[in-house]
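Since the structure comes first, as structure tokens, the remarks are kept for the end.
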Amino acid sequence: MAKPLRPELFYMDTSAMIALLVRDDPEHERALGFFKDAVREGSVFVIGRPTLMEFLNGVAKHVGKDVAEEQYRLYTASRFIFIEKETEADWERAWELFFKYRDQQGIDLFDSLAFAIMERLGIRKAFTFDSDFAVHGFVMVP
């Protein structure tokens, strides 16, 4: 089968990043299998800078800064992962979304900012285990 002209884009969420890192995470094998298959098929992953910050902060607190630094270097040097900077317009949209979901306690500002970045880039699929992405209408993979 021929490769698509444009690579498939996925937004990578913190939950997927954790599942890839933590070998005893219940979703580790599924996350790793999906990531390897997607890369083999030529897919590209986008991580918002705030998502990377959230992930690395958690890694530093729970595992240590050495591991956080190693993860930072792996993600920022990857040919399959693009770190997207948020814009002022993303922040404005994130605040709208954050206050929109008053009955959804799980949709925090980090998720709202990820949603804004995904909307701006036209990304519909999220590599995530966080159902808040589905609440907002995105397709969750794997």
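Easy rule for this one: first residue shown is 1, then count along the chain.
Keep in mind that glycine also has a Cβ here, set from the backbone N, Cα and C atoms.
TrEMBL: automatically predicted annotations, no manual curation.
Under the heading domain 'PIN', TrEMBL lists 11-135. TrEMBL lists ASP13, ASP111 with the feature Mg(2+) binding site.
Using a 10 Å radius centred on the Cβ of ASP111 (Mg(2+) binding site) and all shown protein chains, the other Cβ atoms total 27. Taking Cβ-Cβ distances under 8 Å and a sequence separation of 6 or more, the neighbours of ASP13 (Mg(2+) binding site) in its chain are THR51, ALA114, ALA126, PHE127, THR128, PHE129, ASP130, PHE133.
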